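Among the features that TrEMBL reports, compositional bias 'Basic and acidic residues' is placed at 781-794. If you look up TrEMBL, you'll see 28-411 marked as domain 'Cation/H+ exchanger transmembrane'. Here TrEMBL flags 466-604 as domain 'Cation/H(+) antiporter central'. The feature domain 'Cation/H(+) antiporter C-terminal' is assigned by TrEMBL to 611-776. What TrEMBL lists as region 'Disordered' is 774-802. The transmembrane segment annotation in TrEMBL covers 13-33, 45-66, 78-100, 112-136, 142-166, 178-199, 211-229, 250-269, 326-348, 391-413.
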Amino acid sequence: MKNNCGLYVANDINYLIGIIFQSFLLLSISNLLHFPLRRLGQPSAVSQMLAGILLGRSGIASSPYIGTVVFPDGNMDYLSSMASLGRMFYMFFLGLELNVPYILRIKRSSTIVAVGGIFMCLIVGGVISPVIYWMTRAYGDRFLFAVTVMLVFTDTASPILVRMVSELKLATSDFGRLATAVALINDILCLFLVALLAQTTTREFSVGEKIGVGIATLLILGSSAYLARIGVRWLNRKNRQRKHIKNSEVVSIVLFIVGVSSLIELMGYNSMLSSFFLGLAIPREGCTARTLVHRLIYPVQNILLPIYIGYAGVQTSFFVMNSLRFTLSVVAVVVLSTVAKVGGTVAATQYLGMPLQDGLLLGFLLNVKGHIDIIVLGLSSKHHILGADALMVFLVTVAMSTLMVGPVVAAVARREKKQRKLKPSGIEHQSAETELVFLACVHSPRDAPSVLNLIEISTGPDRAPVTVYMMQLVELQKKTKTDLLYHQQEDDGQYSDDEDYGGRNHARRINVTVDAFMVDTGIRVWQLKIVSLLDGMDVRTCRMAKDVRASIVIVPFHRFQRVDGKMVGGRDWIKDVNQQIPANVPCTLGILVDRGLSEMTQITNTQEGFHVAVLFFGGEDDREAAAFGGRLALHPSVSLTLFKFVLSEARRSVIKMQASKKADAYEILVEITEKENESYRDDAFLKSFYNRFIQTGKAKYEEKIMDDGKDTADCIAAMGKFYSLFLVGKDSRSPLLENPLNDYGDDCPNLGHVGNLLASTCFTTTASALVLQKHKKKPPAKKEETAGKIDDVTHQQNQQEE
């Protein structure tokens, strides 16, 4: 008995050592390969697959000396358990982080694309299966062999595709999210087909017993998702004031996920769907979901998932291609599966009216293969549907199909980068029903409520969706603990700054605010954090805005309002950051001056309504402010009025007389041309705004005729009593604003003249203000074009003189 126990312990130790050693080798080789490949734009999945090929049957494992050390007794199943854990937890995180509202909005297009690819793959796979059966010298059931070929052709490995898409920063693009949705639908349908194949090949149970097992599996999965949802809500209530839940609670959740997935596996079904649906079932708000992502995402993405991807390469042996017959088999399967997937996808995208190039790239991207193929091939080999040679042919096909996707993903990333440069920037050029992506920056808990209230009234009806990222900006500072004496450091942690370092206390209070907002409104908020020196904070903020493809970046004003209504400072470093951000921001920038917006709660349920005024003087920034106001006008609780400030006729004639006395005729012509062009754009925009919002009763319009800046300031001051929020452009274009409003100062150039008025310490009002600045692309000026313009102006001057 003792000898048997010692033997079991030794086997367990050898198994553990084998897993650690093989995992270490696989990860080391993949990192070495990724160093040169990433410079070519290739995702890490390509290097991980190549690492598996080099480590497995095609490389080290085939060596009679080294292979026996790495894989004792030729056993390559050590990595199988790690690959299963990687697949399980990555699908769980995919369900947890999935943008469900967006997936539901594109459910029709994604389903059509997925069904188009699946349908074509099933037809081609079924037609070509007799030829492949003959070429690979298979000897099993022909029908089940055809089903196996059809499943291999049809499958799309969603974990690998999602990793590729997110790694190359395509996860927030429309193309990347469509590819993710199609891959998930494809995977779900394929897993159902795999379950049918597994039940068909199993002879141990009757049809009634198989149906009973299937119903029991659905009941277990449904009850587990329900229990997970209830348990997570209980943990959120228990840890309401905490940033993270306890480690013991994290371990309990992990064991629950592993237990449910393992039980599903024991019942004969794959655990990918169970893990995915458990991730979907967990509430996004609260510290539980935040803790799971924070504690587990690194080991899953950097250890378990690479092993999962590399395991397919480990199983592959390219030595099967030493025969011309099997080489042609591999080429035929790879080419035909690619043609089928691309052809079906292109047909579906053409039906939807998408560009041909998008369909081609999407089809190649969806041809990535993975673990489901290995499961199908393992089942077929176990039930003697495939021989050893046929099995290796299909495994080589899986590896080659995945390696082919790497260059396609890199090409998609380059194309998206070019298209983003050519795409017109600004909310003005978007329809009011398109998705609006917010990147809301906060420095302290004081900033969060006002930003979230602004986002709430920006949602409008269901047809105007928003995606919200809230990013905490933390100044990087040295810890103060080293400056204290030893006995002070140990005095019950009174002087410990571990909780304050990196803005942790602020983060906890911001999390509580965000969680309450998500519960009340149902709007999902993705939380981000930047810890940086002040000199680099603006660069990192702009880089994050580019990564998430933000439509608008909102930053808080450095002053805040006291109880008596006066604006006070105290956060001058925020002022420096706000002044540096506009130079590099890739989208519209909004500076929010909070004068009571943070104190408002449940704007949606407000009976009196939330009154917003757009102050329109002219120029592209004012058009951007009005376009954003149109978004707010769609909200049922918002009452929006657009005020157009017009110069009086008497004052206009004086300005014309002053302009005619200028000596430089060239300057006069250029100025007149620019003003006419800008005025034409303003009129066209206001006409569209009038037809879209004012005629339909969603907004009001009023003109204000003014003589000078003083009248304008008095008018705006009087309006502050009746409105809760002002929307204004930073660079408003109007003769009314040619001279600064000196009575109110001009100490914040990034706010503009009107913004400085609304944020002034002397301007007493309860109305908050959002100052918007449109992103301005600066193409390099060409000398030839500049010379041509000068010649045209000179010609016009000569004509006038004549």
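Here, residue 1 is simply the first one shown, and the rest follow in order.
Just so you know, glycine gets a Cβ as well, placed from its N, Cα and C.
Residues 44, 47-48, 50-52, 54-55, 60, 70-72, 75, 78-79, 81-82, 303, 306-307, 310, 314 of the same chain, all 6+ positions outside the transmembrane segment (13-33), place their C-beta atoms under 8 angstroms from a C-beta of that stretch. When Cβ-Cβ distances below 8 Å are used as the criterion, the transmembrane segment (391-413) is approached by residues 37, 40-43, 45-46, 49-50, 52-53, 136, 148, 152, 157, 160-161, 164-165, 168-170, 175, 309, 312-313, 315-318, 320-321, 326, 329-330, 333-334, 337-338, 361, 364-365, 367-370, 373-374, 377, 380-381 of the same chain, each at least six residues removed from its ends. Sequence-distant neighbours of the transmembrane segment (45-66) (same chain, 6+ residues past either end, Cβ-Cβ under 8 Å): 22, 25-27, 29-31, 33-34, 37-38, 74, 76, 160, 163-164, 167, 306, 309-319, 399, 402-403, 405-406. The list of residues near the transmembrane segment (326-348) in space but at least 6 beyond its ends in sequence, with Cβ under 8 angstroms from a Cβ of it, reads 112-113, 115-121, 123-125, 128, 131-132, 135-136, 149, 152-153, 156, 320, 356, 359-360, 362-364, 366-367, 389, 392-394, 396-397, 400-401, 404.
250-269 is the stretch from 78-100, 112-136, 178-199, 250-269 with the greatest number of Cβ pairs below 8 Å to the transmembrane segment (211-229). Highest Cβ pair count under 8 Å relative to the transmembrane segment (178-199), across stretches 78-100, 112-136, 250-269: 112-136.
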